[in-house]
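The structure under discussion appears below in the form of structure tokens.
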């Protein structure tokens, strides 16, 4: 440690402060406010004294011909005067941007599809008009096929907007939810003032089956019968059982 100089044995703060004080910053000159743009022309000494010969004269003349220098000078003068000189010979022309090209004629299949589509639209519109006209009235109907051609179903479909809607009667007939039997004709089919009697509804149940009747028990044997129905009939010879008498002994 004795061999080291005092500069390295001091405190690091003192050493850093000494380094900062020892440095001298470079004083750069401030740039001029009016900085001139340097072009490629300024890199070559084009204008020389006639007495001195320039070895690069031919190369410079080949790189910058006289016509290029004259155009550059005219552009600089035009920009300085405020007239660029561009667009002086332009004339206002009205352009028609409409396309007059005709497309290919439609094929036969496309024409048929267009006609079918138009017919479907017409039928849909007519159906909508018919539904709209009869939307204010609800008429009960009973078609052969439930849900098809029913005026009540059309009313519900037009009012709800659901094409699969059905009236309650067609729904019950289609699903067999209840036993259905027509009571009267559909509205509109029978004329007013007719004296014809309406048909009575068909019977909902078949003929009741014959049930056996209870018979009194007797000790006497019954005679032979030809069929089981004979057993269900009352035997006129049967007498009521007298409970006051003693039961006969069986041999």
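The chain as shown is numbered from 1 upward.
Note: Cβ is positioned from N, Cα and C throughout, glycine not excepted.
Residues or ranges marked as region 'Interaction with RB1 in competition with E2F1' in Swiss-Prot (evidence: similarity to another entry): 38-46. Per Swiss-Prot, the feature region 'Interaction with UBE2I' maps to 74-136; the stated evidence is similarity to another entry. If you look up Swiss-Prot, you'll see 97-101 marked as motif 'LXCXE motif, interaction with host RB1 and TMEM173/STING', on the strength of sequence analysis. Taken from Swiss-Prot, the feature region 'Disordered' covers 102-122. Residues or ranges marked as compositional bias 'Acidic residues' by Swiss-Prot: 110-122. What Swiss-Prot records for 150-170 is zinc finger. Look at Swiss-Prot and you will find 240-244 tagged as motif 'PXDLS motif, CTBP-binding', backed by similarity to another entry. According to Swiss-Prot, the motif 'Nuclear localization signal' annotation covers 246-250, on the basis of sequence analysis.
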Helix, strand and coil totals (DSSP H, G, I; E, B; other) for the motif 'LXCXE motif, interaction with host RB1 and TMEM173/STING' (97-101) | 0 helix, 0 strand, 5 coil
Confidence over the motif 'PXDLS motif, CTBP-binding' (240-244), expressed as mean pLDDT on the 0 to 100 scale, is 75
What are the DSSP helix/strand/coil residue counts across the compositional bias 'Acidic residues' (110-122)?
-> 13 helix, 0 strand, 0 coil
